[in-house]
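Trainee: Can you keep this structure in mind? I'll have questions shortly.
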Amino acid sequence: MASGLTANKKLRHKITAAALLVTLGVVYGDIGTSPLYVMKSIVAGNGGMGHFDTDFLVGSVSLIFWTLLIITTVKYVLIALRADNNGEGGIFALYTLVRQRARWLVLPAMVGGAALLADGMLTPAVTVTTAIEGLKGVHINGNILIDNQQQVIWVTVLIITFLFFIQRFGTDLIGKAFGPIMFVWFTFLGVAGFIALSKDWSMLRALNPYYALHLLVSPDNKMGLFILGSIFLATTGAEALYSDMGHVGRGNIYLSWPYVNICLVLNYFGQAVWLDQNSKVTAFNKITDFNPFFQMLPESIRLGAIILATLAAIIASQALISGSYTLVSEAIKLRFLPRLHIIYPTRLKGQLYIPVVNTILWLACLAIIGYFKTSAEMEGAYGLAITITMLMTTLLLYQYLRSRHAPAVVAIGTLIFFSAIETVFFISSAVKFLHGGYVTAMIAFIILAVMYVWQYGGRIRDDNTYRAEMASLFAYKNQLSELRNDPDYPTYTTNLVYMTQIANDHYIKKEILYSILDKRPKRARVYWFVTVNVTDEPYTAEYTTDTYGTDYMVNVQLYLGFRMEQQVNVFLRQIVNDMMREGELPTQPQKYTTIPDRQVGDWTFVLLHEELSPQTQIKGFQKAIIQARLRLQHIAVSPAQWFGLEYADTIDETVPLVLGKIPITKLNRLTRSQAEAQPEDEDD
């Protein structure tokens, strides 16, 4: 029997004015706040004000323009957005589309995901700090609002702490304001940039890629190739753009990106013109944390611009926080990470909250702010990890194109072209390792190590489960039938449920049958064996059943999308009613009940917990991985919470985890005289 379950199906994202506003608020927060620090980083890297000329500025904005065009527009908007999994995007969604091609593709998926999570920890810190630094030296009624970096740090910490605190309540209410605010922000970027650019239209020659390439070898560029480490900051939000596709739809991104891109480019060009016209003003050399974004604005509107920039930075941070929840949730469903407690604070699709992730992100942000102290120092660490994610995405995109039978020249050309560019960006960003990049590299390594232990440990366990530990349900049909009708044993429950994995339609781990028959015979009317299969599609909600020709044994195969909540208790109640309606199971009328005409009896769920047995035969590295995986289970959410059984009647039983074939040692029986003839131990 196959059927569908009630679920939140994927919505068709219509292209409307409201949807476009939502897109601005959800998708572009990261890339939209880049003008706050990109030109600042480029100028500081070359020695600051007075250490560059017009050609340097033209080459810099030319590099920014072509980076946005090649990486963001061509790779992500035109190519990657077409590689969607039922409308969902991101590196894990892309992996699910190609994982059948080769087993090793799990590695680039985990590396890319770990790097993306690590870099996301830095984004809230750098964007909010940069915005608040704009308040330094600003006068209100003759008083300086903020006059030192210590005050910047405290204000930043308060804002970020508040942002993480409100996550548990859901952000749908304030989220409705994100779109309009970001529309105002991008419009402000474009208008401010256009006004500055109008003072010197010759800056438009930067659209010629010659100036970009020339700057890389120009003596005016003191950073050489490493200037690309700062240029790359302009496109770090491209990966988030792809990951957030499922929230807004491809069409809304297609239509909104040109406007966003134009506003960004205008602002970068405007900053370049202002820098060119003010490069010789020595007074700017005395400004700590000099930022051309704020300095090019008239004093009269600077405070309003700082407030708007702070709101944009908060929205960008919120997008990264929500994206991290989604990324971790997908990793859990793909068995890359241990099961964690996930809360759905609102009824909105895709809005979730993971307490442990929220706490880790918050503490990481505070540690980063306390360690680096200034946005300039943070920029030195920013962007290194995301280059790795982009390289991994390119590799998976190549596999996707091959799986869709794209011409070999197109697939290979895409791989070579983008890999070459992103490798150059990676090399240029590698210098950041010594200037703080080691922080994100270390975080990414820790996340990757956890992913590797969990995923590879699970594979070792599955590959080494000895066949003798599996048993056919057919072989025990008669015993289960006799037990359910045996009056010598009290009824344990009406419906007894085991969460398991059934192989070849009828093989289950023998420990389950041992739990039913040997440990303490559990008499029930129906024995349920439930398997949850996570599908490559995000919102699948289907099931199949097999009763093996009985009315007391049911094999349930649940097929749930990798973004679906596993509410097994709720789903089983629908399934049993479906089966009773079809005549596959008899009704279970209850004599004592508060529910009139109740036809379904009580349920008990038995959850088995594994502990590594001393008899396990695997050795060395594999045994260490298994032991590490079992330790990770202590931080994981309980199976009852994971399967949606918090309020159900559950029984926990511990079983030994035996991997590999156990050698059988045969004892020789001695007669009494032979035993007495044995030499005695001198120590006794």
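Backbone N, Cα and C define each Cβ position, glycine as well.
Here's the feature list from Swiss-Prot:
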TRANSMEM  19-39  transmembrane segment
TRANSMEM  61-81  transmembrane segment
TRANSMEM  104-124  transmembrane segment
TRANSMEM  151-171  transmembrane segment
TRANSMEM  177-197  transmembrane segment
TRANSMEM  223-243  transmembrane segment
TRANSMEM  255-275  transmembrane segment
TRANSMEM  303-323  transmembrane segment
TRANSMEM  352-372  transmembrane segment
TRANSMEM  381-401  transmembrane segment
TRANSMEM  407-427  transmembrane segment
TRANSMEM  433-453  transmembrane segment
Trainee: Do we see three or more Cβ pairs under 8 Å linking the transmembrane segment (104-124) and the transmembrane segment (303-323), pairs being at least 6 apart in sequence?
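Mentor: Stretch pair touches.
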Trainee: With pairs restricted to those 6 or more apart in sequence, evaluate whether the transmembrane segment (407-427) and the transmembrane segment (151-171) have 3+ C-beta pairs under 8 Å.
Mentor: no
Trainee: May I ask you to check whether the transmembrane segment (177-197) and the transmembrane segment (61-81) make contact, with contact taken as at least three Cβ pairs under 8 Å and only pairs 6 or more apart in sequence counted?
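Mentor: Touching, no - the transmembrane segment (177-197) and the transmembrane segment (61-81) miss the threshold of 3 or more Cβ pairs under 8 Å.
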Trainee: In terms of Cβ proximity under 8 Å, which residues at least six beyond the ends of the transmembrane segment (19-39) contact it?
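Mentor: For the transmembrane segment (19-39), the list is 13, 60, 64, 72, 123, 126-127, 130-131, 175, 177-183, 185-186, 189, 230-231, 233-238, 240-241, 244-245, 247-249, 252-253, 255-256, 260, 264, 267-268, 271-272, 275, 291-293, 309, 312-313, 315-320, 375, 379.
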Trainee: Honestly, do the transmembrane segment (61-81) and the transmembrane segment (433-453) touch, with at least three Cβ pairs under 8 Å and pairs 6 or more apart in sequence?
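Mentor: Contact between the transmembrane segment (61-81) and the transmembrane segment (433-453): absent.
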Trainee: List, by number or range, the same-chain residues at least 6 past the transmembrane segment (223-243) whose CB is under 8 A from its CB atoms?
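Mentor: Residues 27-32, 34, 37-38, 41-42, 45-46, 60, 63-64, 67-68, 71-72, 75-77, 80-81, 89-91, 116, 119, 123, 215-216, 253, 257, 264, 268, 316, 319-320, 323, 326-327, 379, 382-384, 386-387, 389-390, 393, 424-425, 427-429, 431-432 contact the transmembrane segment (223-243) from elsewhere in the chain.
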Trainee: Go through the chain and flag residues at least 6 beyond the ends of the transmembrane segment (151-171) whose CB is under 8 A from any CB in it; none is fine as an answer.
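Mentor: Non-local partners: 124-125, 128-129, 132-133, 135-136, 310, 314, 317-318, 321-322, 343, 345-346, 348, 351, 353, 355, 358, 361-362, 365-366, 369-370, 373.
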Trainee: Using a Cβ cut-off under 8 Å, which residues of the same chain at least 6 positions beyond either end of the transmembrane segment (303-323) come close to it?
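Mentor: For the transmembrane segment (303-323), the far contacts come to 25-27, 29-30, 32-33, 36, 120, 123-124, 127-128, 130-132, 134-135, 138, 140, 145, 159-160, 163-164, 167, 171, 175, 178, 181-182, 184-185, 188, 192, 237, 240, 243-244, 293-294, 297, 351, 358, 361.
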